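Over in Swiss-Prot, the protein carries these features:
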- 1-24: signal peptide (SIGNAL)
- C34-C50: disulfide bond (DISULFID)
- 64-212: domain 'Cupin type-1' (DOMAIN)
- H109, H111, E116, H160: Mn(2+) binding site (BINDING)
- N136: N-linked glycosylation site (CARBOHYD)
Amino acid sequence: MKYPFQCFLAKIILLALASSFVSCYDPSPLQDYCVAVPEKNGVFVNGEFCKDPKLVTSDDFFASGLNIPGNTNKRLGSFVNPANIPGLNTLGVGIARIDFAPGGLIPPHIHPRASEIILVIKGKLLVGFVSSNDYNYTLFSKILYPGDVFVHPIGLVQFHANIGKTNAVAIGAVGSQNPGYISVGDAVFGSKPPIDPKILAKAFALDINIVRYLRKVFSPQDDIVND
Ligand SMILES: *[C@@H]1O[C@H](CO)[C@@H](O)[C@H](O)[C@H]1NC(C)=O
């Protein structure tokens, strides 16, 4: 009568293996919570080290300050303030306040590890994302007013722009504690060391001097002598 049990066990193991292939980011937590603690001496884990559950308090799941406007006085006229909540470690969620000056924008970018839902609180935002090659680079875009929400799927190029005359405020909720951020402009024109300008000129059908100019915009701190 041992066989059925072994078979059952094998099925469980197979199921466990199969699910490890599908949940390849922000894995399902194996505990109620794992409040992050700074830990210097240890090996890297996928997330942060957990606080002793007996020491966890309500404050570990709390943050405030998302009522405070961020400083948008920068080239792109926007500011992102992600809520810093130790208790969201391993839970696969995150939230941020995004401020926009008139004309301000979050430029074309990718969140490699999360989809994002944006909720407009104030102002008038033009938001959108572009599908991949498989779906013919289709632009999906909307003008959002207070109370409107829009979803940006994981891994696709997206942008948010204030097209109103006033400041705008939005809340971005993401499906990862660490969604990641890849600015297309910074990655392409601001990499360190830089991508060969001849390659960028050909890839983007640009004059090489425009590529050099873009490098100055995207890596202003770099000392660009000649390349
Ligand atoms: C993409 O374009 C191809 C070729 O025109 C077409 O067959 C296909 O249906 C399109 N796919 C989508 C998702 O639009």
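Just so you know, glycine gets a Cβ as well, placed from its N, Cα and C.
Structure coloured by features recorded in Swiss-Prot.
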{"residue": "C34", "record": "disulfide bond", "DSSP (3 states)": "coil"}
{"residue": "C50", "record": "disulfide bond", "DSSP (3 states)": "strand"}
{"residue": "H109", "record": "Mn(2+) binding site", "DSSP (3 states)": "strand"}
{"residue": "E116", "record": "Mn(2+) binding site", "DSSP (3 states)": "strand"}
{"residue": "N136", "record": "N-linked glycosylation site", "DSSP (3 states)": "coil"}
{"residue": "H160", "record": "Mn(2+) binding site", "DSSP (3 states)": "strand"}
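Remark: of the disulfide-bonded residues C34, C50, the most isolated position is C50 (fewest other Cβ atoms within 10 Å of its Cβ). Around the Cβ of N136 (N-linked glycosylation site), a 10 Å sphere holds 8 further Cβ atoms from the protein chains shown. The distance from the Cα of H111 (Mn(2+) binding site) to the Cα of N136 (N-linked glycosylation site) comes to 20 Å. When the recorded positions C50, E116, N136 are checked against ligand 1, N136 have a Cβ within less than 6 Å of one of its atoms. For C50 (disulfide bond), the nearest neighbour among the binding-site residues H109, E116, H160, judged by Cα separation, is E116. Candidate binding-site residues: H109, H111, H160. Fewest other C-beta atoms within 10 angstroms, H109. Calculated from their C-alpha atoms, the gap between H109 (Mn(2+) binding site) and N136 (N-linked glycosylation site) amounts to 18 Å. Looking only at the domain 'Cupin type-1' (64-212), the predicted model's pLDDT averages out at 97. Counting only same-chain residues at least 6 apart in sequence, those with a Cβ under 8 Å from the Cβ of E116 (Mn(2+) binding site) are V151, H152, Q158, G172, A173, V174, G175, P179. Here the CA atom of the residue listed as 'N-linked glycosylation site' lies 21 Å from the CA atom of H160 (Mn(2+) binding site).
Separation of the C-alpha atoms of C34 (disulfide bond) and the residue listed as 'N-linked glycosylation site': 41 Å, rounded to the nearest whole number. Excluding H109, H111, E116, H160, which define the Mn(2+) site, the same chain contributes I106, I110, I118, H152, Q158, F159, G172, P179, Y181 within 8 Å (Cβ to the Cβ centroid), listed in sequence order.
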